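For reference, Swiss-Prot has these:
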type: SIGNAL; residues: 1-16; note: signal peptide
type: DISULFID; residues: CYS42-CYS131; note: disulfide bond
type: BINDING; residues: TYR43, GLY45, GLY47, ASP64; note: Ca(2+) binding site
type: DISULFID; residues: CYS44-CYS60; note: disulfide bond
type: DISULFID; residues: CYS59-CYS111; note: disulfide bond
type: ACT_SITE; residues: HIS63; note: active site
type: DISULFID; residues: CYS65-CYS138; note: disulfide bond
type: DISULFID; residues: CYS66-CYS104; note: disulfide bond
type: DISULFID; residues: CYS73-CYS97; note: disulfide bond
type: DISULFID; residues: CYS91-CYS102; note: disulfide bond
type: ACT_SITE; residues: ASP105; note: active site
Amino acid sequence: MRTLWIVAVWLMGVEGNLFQFGNMINHMVGKHAVWSYLSYGCYCGWGGQGKPQDATDRCCFVHDCCYGRANGCDPKLSTYSYNFQNGNIVCGNKYGCLRHICECDRVAAICFQKNMNTYNKKYKNYSSSNCQENSDKC
C-alpha cells in the first residue's frame with residue numbers, strides 16, 4: 001500500500017515536499033529517488049518498523065524521526081524554499097515548519113550520498129515481514 005500511495009503522488013507531480021525531497025536525492029546521489037529508495041529496507045518509503053537494515057535504511061529511519069519532530073507541520077506536502085550551491089543543498093526558509101522540513105530532507109539526501117556504498121539491491125522492495133525486531137528509538 002505504501003508503494004502505491006507514494007508512486008501515485010509522484011506521478012501526479014505534486015509540487016510539495018515529496019517532490020522536493022526526491023529532487024534533492026536525485027541531485028545528491030544521481031539516482032531516481034522513487035525507483036532507488038521507495039520500499040528500500042524497513043524505513044524507506046511509507047511508514048517504517050523494525051531495525052534499519054543498513055546505513056542507507058538508517059538514513060530513512062533518521063528522516064522519519066525528523067519528520068516525527070515536525071509538530072504541527074505537514075512534512076509530506078508543505079512546499080519549502082531551497083537551492084543548490086556548490087554541490088550543497090541550502091534551505092531558504094529561516095524559521096519554523098518549512099525550515100525544519102527542508103533540513104530533514106537535506107540531511108537525508110546528504111546521508112544517502114555519504115552511504116551510497118551501503119546500498120544493497122537485496123533490500124529493494126524488502127518485505128515488511130522481515131522488519132519485526134523492536135525499533136530503535138528516535
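Note: Cβ is positioned from N, Cα and C throughout, glycine not excepted.
In the structure as shown, the Cβ atom of HIS63 (active site) sits within 10 Å of 22 other Cβ atoms. Take the CB of CYS91 (disulfide bond) and look out to 10 A: across all protein chains shown you find 18 other CB atoms.
CYS91 (disulfide bond) falls within a strand segment according to DSSP. Over all protein chains present, the Cβ of GLY47 (Ca(2+) binding site) has 12 other Cβ atoms lying within 10 Å. Cα-Cα distances to TYR43 (Ca(2+) binding site) place none of the disulfide-bonded residues CYS73, CYS91, CYS102, CYS104, CYS111, CYS138 within 10 Å. The Cβ of CYS73 has fewer other Cβ atoms within 10 Å than any other of the disulfide-bonded residues CYS42, CYS73.
Put simply, of the recorded positions GLY47, CYS91, ASP105, CYS111, the one whose Cα is nearest the Cα of HIS63 (active site) is ASP105. With CYS91 (disulfide bond) as the anchor, the candidate recorded positions are GLY45, GLY47, ASP64, ASP105, and the one with the nearest CA is ASP105. The subset of recorded positions (GLY45, GLY47, ASP105) lying with their Cα within 10 Å of the Cα of CYS66 (disulfide bond) consists of ASP105, given in sequence order. In this structure, the C-alpha atom of GLY45 (Ca(2+) binding site) lies 16 angstrom from that of CYS111 (disulfide bond).
In terms of C-alpha distance, the listed recorded positions GLY47, ASP64, ASP105 place ASP64 closest to CYS138 (disulfide bond).
Under a cutoff of 8 A between CB atoms, and with a sequence separation of 6+ in the same chain, the neighbours of CYS44 (disulfide bond) are TYR37, LEU38, THR56, ASP57, CYS59, CYS60. In sequence order, ALA70, GLY72, CYS73, ASP74, SER78 are the residues of the chain that are 6 or more apart from CYS97 (disulfide bond) and have a CB within less than 8 Å of its CB.
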